[in-house]
Structure formats: C-alpha cells, structure tokens
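Feature annotations, reproduced from TrEMBL:
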type	residues	note
TRANSMEM	12-30	transmembrane segment
TRANSMEM	42-62	transmembrane segment
TRANSMEM	82-106	transmembrane segment
TRANSMEM	118-139	transmembrane segment
TRANSMEM	148-165	transmembrane segment
TRANSMEM	185-206	transmembrane segment
TRANSMEM	218-242	transmembrane segment
TRANSMEM	268-288	transmembrane segment
TRANSMEM	300-319	transmembrane segment
TRANSMEM	334-352	transmembrane segment
Amino acid sequence: MFKINNQITRNQYMFIIQNSIIGVGILSLASGVCKVAKQSGWISVLVAGIYPIYICIVAALIYRNTNYNEFLETNKRIWGKFLAYIFTIFFFINFIFFSSFVLSGFANVLVFTTTKFLSPHTIIVITVILTYFTINYGLTNIGRLSELLFYLTILILIIPFYFINKGHITNLLPLFDDVSSIFKAVPETFFAYSGVEISLLIIPYVTDFKKVLSSGVIGSLITIFIYTLTVLLTINYCGHILTSKLQYPLLYLVAGADLPVLSNFEPLFIFLWGNKIFQTLAVGGYGLSYTLSKIIKKSYNRCCLYSCLIIMFVSSMLVPEHTRTMVIDKVEPYLVGFILVYSTLTLILSYFKGGKTFEKN
C-alpha cells in the first residue's frame with residue numbers, strides 16, 4: 001500500500017494549475033482557431049484565457065467562504081447530499097474525458113512523429129502504468145513533480161522565440177478583420193484550457209491560503225501567455241491558410257528550426273513536451289481517482305487502479321486522431337458550459353451559506 005500525502009505548498013498549487021492546462025492542445029490549437037478566426041486566431045486564444053482565470057478565482061472564493069472544507073463536504077453543505085454526489089459524479093466523468101483526451105492525443109502524436117514502430121495502444125498501456133505509480137502517492141508527489149517539471153515549460157517557450165524574426169508581419173494583418181469570428185473561434189480553445197477544473201478539488205490541501213487566489217491566476221497567466229505567443233508566431237511564420245490546414249502546426253514550426261547544434265530538433269521537443277503531458281495526465285488521474293474514492297467510498301489507492309484502467313479503456317477507443325477530435329468537438333463545449341454554471345452558482349450560494357455555518361472539519 002502506498003503512503004498518501006495530499007498537502008501542497010502555494011507555489012506547488014500554482015505549478016499544478018500551469019501543468020494541468022499545458023497539454024496536447026498546444027500542438028493543434030493554432031489550426032483550430034485559424035479555421036474560424038483566420039489571422040486573428042491568436043486573439044481568440046487570448047480572449048478564451050478568461051476561462052482558466054475565472055475558474056481559479058471562483059474556486060478560491062468558494063473555499064474562502066466555506067472555511068476550506070474538502071470538495072464533497074463543501075458541496076453537501078451548499079447543495080445537500082444528493083446534489084453533492086451528482087456534482088462529484090459529473091467531475092468524475094469530466095476527468096475521464098480530460099485524461100482520455102490527453103492520453104489518446106499523446107499516443108497519436110508519438111505514432112505520427114517519433115515512435116511509428118509502436119502502436120498507439122502500446123503507448124497508452126506504458127503511459128498508464130507510469131501514471132499509476134505517480135498518482136498513488138497522492139497530491140504532494142504531483143506537486144513536487146509539477147515544481148520540478150515547470151522549468152521544461154521555459155525550454156518549450158524558447159522554441160517559438162526562434163521564429164520571431166522569421167515570419168512576415170503581413171500574415172497577422174488586418175488584426176480585427178471580423179470581430180465576430182474571433183469570438184466564434186473561442187470554443188476551439190476549450191480543450192486546450194481544460195484541466196484547470198482541478199483547482200475546484202485541491203485548494204483545501206494548500207498549506208497556506210493567503211495568496212492561493214493569486215497563485216492560481218499566475219499559473220493560468222503563464223499558460224495563456226505561452227498559448228497566445230505560440231499561436232501568434234505560428235501564424236506570423238506560416239500564415240493562417242497553411243496553419244489551418246496543418247494537423248499539428250507547432251510541430252511544423254519545430255521541424256523548420258535550423259539550429260547549428262542539432263540536425264533534427266523535433267525528437268528533443270517531443271521529449272520535453274512528453275514530460276509535460278505526463279504531468280498533465282498525473283493531474284487528471286488524481287482528479288479522477290479522488291472523485292471516484294468519494295463516490296464509491298473506497299480507498300484512494302484502490303481507486304487509482306480503477307481510474308487508470310478506465311483511462312486506458314476509453315483512450316483506446318479514441319484512436320486514431322480524427323475520432324478523438326470528433327468526440328472533443330461534441331463533448332467539450334457541454335463540459336465547459338456545465339462547469340461555468342456550476343462554479344458560478346456555487347460561488348453565489350457560498351456567500352449566503354458561508355460564515356459560521358462552515359466550521360473546519
């Protein structure tokens with residue numbers, strides 16, 4: 001039996017939020033938004049960044065109003081036992097989709113690039129096993145890994161800067177050709193920004209609550225900056241027409257990097273990005289195992305095993321990539337919409353039902 005520890009520092013919380021969002025979406029985000037918003041796609045990415053910031057702010061305020069009780073207990077006191085379990089089941093389903101979308105996308109990308117000799121199902125099995133041993137130790141272990149792997153984000157960020165002077169500014173003009181299309185492209189970013197919902201589960205485990213709101217916002221802003229810059233420079237280099245036709249525009253960008261030290265930069269990028277994906281999966285796996293343990297009232301360790309088996313099964317059904325993309329387009333808007341409504345209503349009710357009625361358990 002693995003020893004579980006869920007306590008995390010404020011900085012680890014920030015890194016978890018940042019790592020929970022950066023995932024497969026960074027590779028294909030530019031393509032999706034350019035199909036709708038064309039050269040203004042990067043503005044859609046920037047506007048959509050309101051979602052993770054909003055969720056982090058709302059989550060912090062909800063727990064501040066309810067004395068930082070755990071997720072299920074907080075929902076019981078605000079919504080009652082029945083609805084509390086219904087919402088927990090919803091978050092369980094949400095993390096099934098999130099983790100499966102990330103894992104299947106990861107397998108599809110590896111088969112597309114560096115490991116064509118392996119089947120996506122083999123990659124899924126290997127990755128799930130690694131994820132299982134990571135999440136079994138609890139949130140503290142995930143927080144430490146997030147803190148360590150955060151610096152890989154900086155290395156990934158260096159790559160787009162290489163192309164700052166390589167493109168042509170006319171590819172970005174006019175900036176506001178069609179304002180309505182900018183907002184229509186926002187749903188294309190939903191999957192890229194998903195994962196931030198973990199903040200609604202883990203804030204009670206932060207050891208210092210004083211600046212937990214700002215920590216979540218900073219973690220979100222880091223990702224928003226990376227996403228916006230990546231899409232902006234991709235459009236600047238490729239133009240919106242080519243970008244919209246590419247499956248993974250960022251990989252096209254990476255392949256075009258002519259570095260004197262490396263003959264082929266793509267394998268190194270895949271290695272750095274793969275480590276980020278592994279961390280994103282760990283966050284999703286924790287959310288899935290945590291909610292499952294509350295629903296079936298079994299130990300967290302046992303639920304880690306159940307969760308990994310579920311992720312492996314669902315992910316296997318989401319290959320090849322066109323199947324995964326089709327499911328994401330149908331499911332993700334409803335998940336995001338429900339989370340926005342739930343979090344907003346819970347925040348409002350927490351002001352009415354907060355205060356002395358919420359004593360720390």
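FYI, residue positions are counted from 1 along the chain as it appears here.
Keep in mind that glycine also has a Cβ here, set from the backbone N, Cα and C atoms.
Just so you know, TrEMBL annotations never went through curation; they're auto-generated.
When Cβ distances are compared across the two stretches, the transmembrane segment (118-139) makes no contact with the transmembrane segment (148-165), since fewer than 3 pairs at least 6 residues apart fall below 8 angstroms.
Here the transmembrane segment (42-62) has Cβ contacts under 8 Å with residues 17, 21, 29-30, 33, 36, 74, 172, 175-176, 182-183, 185-186, 188-190, 192-193, 196-197, 199-200, 203, 212-213, 216-217, 219-221, 223-224, 227-228, 231-232, 235, 336, 339-340, 343-344, 346-347, 350 of the same chain, all six or more residues outside its ends. Counted over residue pairs 6 or more apart, the CB atoms of the transmembrane segment (12-30) and the transmembrane segment (300-319) come under 8 Å in fewer than three pairs, which marks the two as apart.
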